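Below you'll find the structure, written out as structure tokens, and then a few comments.
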Amino acid sequence: MAAFLAVSLVVLACPLMAFDLGQSTRCVTIPNQMKVCKDVGYSEMRLPNFLGHSNLEGEVVPRSEDWRPLLQTGCHPQAQAFLCSLIAPVCLDAFIQPCRSLCVAVRDSCAPVLACQGHPWPEALDCDRLPAEEDMCLSPHAKFSHFAKDLPKPACQRCPSVDEAPAMETVLDAFCRHDFAVTAKLHRHRLPSGEPEFQIEGRVEFIRQGPLLPYDTRHLLHQWLLINCRCASFLVRPGRSQLYVLTGSAQPDGTLALTRVFPWHRKDANVALAIRKWKHHRC
């Protein structure tokens, strides 16, 4: 993800509002290979876009894919709509930019993800340069105004400690001290661009459910890996799968933090013994 951010920040080096709203434009079909914006809700886009890109195949499509890792983190439900309104603006009689309030909402949720990688919110996406709601612009949807407030969500954090070959008492103590504990198989492979991609293979099994939701936990852990990709790169070796016991706690702001990580190798009888003891005796 670091390479993605470096590319994207270079792409946004020119001020967003330097785009001339009076210049001549043309409408083109959003191509199938532009997957980031293919399902955004409209089929035609205007070129040049609000980032000044006019070459569809040479600029717009490849640079739109640079944003995919950020969107995959789920940092805000309207992040895709916001970004696509800039890189693939809808083709209407009038130019429709994102509203300032939409920019602020996306920035407040997604800037911490960028900060987790050591990058600030791009100056070129300064929300103050965008129009207010009284102008014609893309505004936030009301149904997302309190987005996922009642659902646990991952956030940027310090890397959890990794315990190789732990004692049974250590694992059992982690189950007792923390709000949740799960087993999950993590896999890391490299994309053609060289960027690692992390996946959760198979089901996530609960040891201690706590605040986690059965239908959401696999997705939540995947988002954690994408947001905390530096930790994930240290945790998961390239080209292999590894089963882990993951424990963590709920934070006062509604986020979840992983606290202890136990790689579960076949030879680690202590992990299996701790799980059996937990199921029968708890704390």
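Heads up, the Cβ atoms here are built off N, Cα and C, so glycines get one too.
Residues or ranges marked as signal peptide in TrEMBL: 1-18. Positions annotated as domain 'FZ' by TrEMBL: 22-140. The disulfide bond feature in TrEMBL is assigned to Cys103-Cys127. Residues annotated as domain 'NTR' in TrEMBL: 156-283.
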C-beta crowding around Cys103 (disulfide bond), within 10 angstroms: 26
For the domain 'NTR' (156-283), the number of residues DSSP places in helix, strand and coil: 41 helix, 46 strand, 41 coil
Helix-strand-coil residue split for the domain 'FZ' (22-140), DSSP-based: 51 helix, 13 strand, 55 coil
Residues satisfying Cβ distance under 8 Å from Cys127 (disulfide bond), sequence separation of at least 6: Arg100, Cys103, Val104, Arg107
